[in-house]
There are 2 protein chains.
Amino acid sequence: MEVDEPVLLPRLARVAVCGGTHGNELSGVYLVRELLKEAQEKERDDEGPLSVQTLLSNPRATQQCRRYIDADLNRCFSLATLNGPVSEAAPYEIILARELNASLGPKGSQEAVDLVCDLHNTTANMGLCFIAYSDKDWICLHIFKHLQRQMPDIPMRFIHFNISKKESYSLDSVGKHGFALEIGPQPHGVVRSNVYTAMKVGVRHILDWIHYFNSGSVFEGGYVDVFTMVKNIDYPRDSQTHNITAAIHPRLQDRDFCLLCPEDPLFQTFSGEELTYKGNEPLYPFFINECAYYEKGIALSLARKKRVMIPPIRAQTEVEKQASEQSFASEEEE
Amino acid sequence: MEVDEPVLLPRLARVAVCGGTHGNELSGVYLVRELLKEAQEKERDDEGPLSVQTLLSNPRATQQCRRYIDADLNRCFSLATLNGPVSEAAPYEIILARELNASLGPKGSQEAVDLVCDLHNTTANMGLCFIAYSDKDWICLHIFKHLQRQMPDIPMRFIHFNISKKESYSLDSVGKHGFALEIGPQPHGVVRSNVYTAMKVGVRHILDWIHYFNSGSVFEGGYVDVFTMVKNIDYPRDSQTHNITAAIHPRLQDRDFCLLCPEDPLFQTFSGEELTYKGNEPLYPFFINECAYYEKGIALSLARKKRVMIPPIRAQTEVEKQASEQSFASEEEE
């Protein structure tokens, strides 16, 4: 049997774990505080080459237990927003995004941290999700595969937003690799012990995987299911007041990632009428009835599922890294 | 067999159904909007002696999908707050409470509406609860008994806050009779169709009961379980930052109204430690992990359960009413 040679990838020397990018998503807020306390107590000087930075991304929103103060921080990291003109009266989160980009990025540069894991909660029944911009980032996909194996009792999916690096807008896009770790259901402004614990265990497995990777372990290839975002659907609304006139249908509520077929129940109006899904194609719903998306006009998102083959990978040794840099430099000289 | 004579009580001529007292508790917001729309469409002129007023109590907070703007409206209806001095710079909700008291009250007067039903949601797994200030208000207890019989699939409880009429602080205390109709679990800022529908069906049964009562039906007496509020318990907190250091224990979460015994698990700290209930007496927990109570320092409330015997009741006829008024007047003259 032929065994594929592992793809060689640079070590992950600097990692950031962020919580409180949305100040009312409390699992990440309390987990980051706990990790900071643990780090203080342990003074992990003996941990070697991996530097893990833990931070509360939006301290003012966290203080007030609100999603954001002036603007959704997790929409402020496109290159256009990061590099556009900014006045002194700019929204708090625009200033904050530039500060975070300066400390974790700059986005797209060699100085950027190797991996950003940004912790989020949703009111939707989504289990644990990785949300990323690429379905070809072997690091993110391998970490996901590792978590699936380590936490078999937690429903787990990989969601892919098909958006270019330049246009990607969330905090995790600042790193060379990055993803949002989204866990639900949990009401915003509430911390549920089971959701907090799943996030804590997930982060521990992520950091373990990075240690194994940096230590030279070879990770086998394999298949991963990826849900690629297709479109959003808004609630039915009153044409004059713009108020919503229906809720998610009780038979769809909490059924994130179950196939939604044409003519399946979608909404139930407040007067009791059933409205069905009018699309042509069966798709997978997610972020069903997410609290923060009422204002964005999103009742649910729909995805297409596909299977992605990921190759075996291994971290470059120091010698391989130097050789690769030399080859890169000589290519540039040509 | 001896049959008790029904207690005669005045008819309920004016009733108010309120939603949006907390602007992010959406079942009541959308139900009130729906009831207003229905009322417009029907122009219920033929309904006879019952006047049902439907209103959004805190329109500005509802507009912003927040619990309140400056102060919790549902804490503004004690006589001291309603009648205290007020400046032009007073919090929005203090002004609003006086306006609501003028239109639905004045609290404690003969002009007050006969019944206020105020619609609320909680993130706690409380099913449908009546929350009232008296365990001897036969109208509220009979309505509760009626709903329990009509909606056998919905877990339903009667909660009693042992507070005097004068000190009672919530909107429903403005009516001659009143209660909050509290339904959960539902995240704030979200509407779930099943929770909305339970509230809608509940309100319909309440209005039906009032029609039967006003039409002269006799309602049999019987027993009702009442949960009397004993005390609140706060989250464990860091002595310096005042941040919480634990969440509700996973074995207690969602188990509202199950008996909590001394040494039962109560909290799980963010580092994973179990903390137990240190009280001396087994009590019934409710409002377990309610979102809005983090800022009030309440992780859960505890109640004592008792059984209350309620007598049969019937509405006074017009002749009985006049006789009772004359007897009252002649007593006053003595």
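The backbone N, Cα and C atoms fix where each Cβ goes, and this holds for glycine too.
These numbers come from a predicted model, not from an experiment.
For the Zn(2+) site, TrEMBL gives B:His22, B:Glu25; the one candidate out of B:His120, B:His142 that the record lists there too is B:His120.
Residues B:His22, B:Glu25, B:His120 make up the record's Zn(2+) site, and a Cβ search at 8 Å around their centroid adds B:Gly19, B:Gly20, B:Thr21, B:Asn24, B:Gly28, B:Arg67, B:Asn74, B:Leu119, B:Asn121, B:Thr122, B:Glu182, B:His188 from the same chain.
In this view, B:Glu182 (active site, proton donor/acceptor) is surrounded by 25 other Cβ atoms within 10 Å of its Cβ, with every protein chain counted. Taking CA atoms as the reference points, B:Glu25 (Zn(2+) binding site) and B:Glu182 (active site, proton donor/acceptor) are 10 Å apart. The Cβ neighbour count for B:Glu25 (Zn(2+) binding site), using a 10 Å radius and every protein chain shown, is 28. The two recorded residues B:His22 (Zn(2+) binding site) and B:Glu182 (active site, proton donor/acceptor) have their Cα atoms spaced 12 Å from each other.
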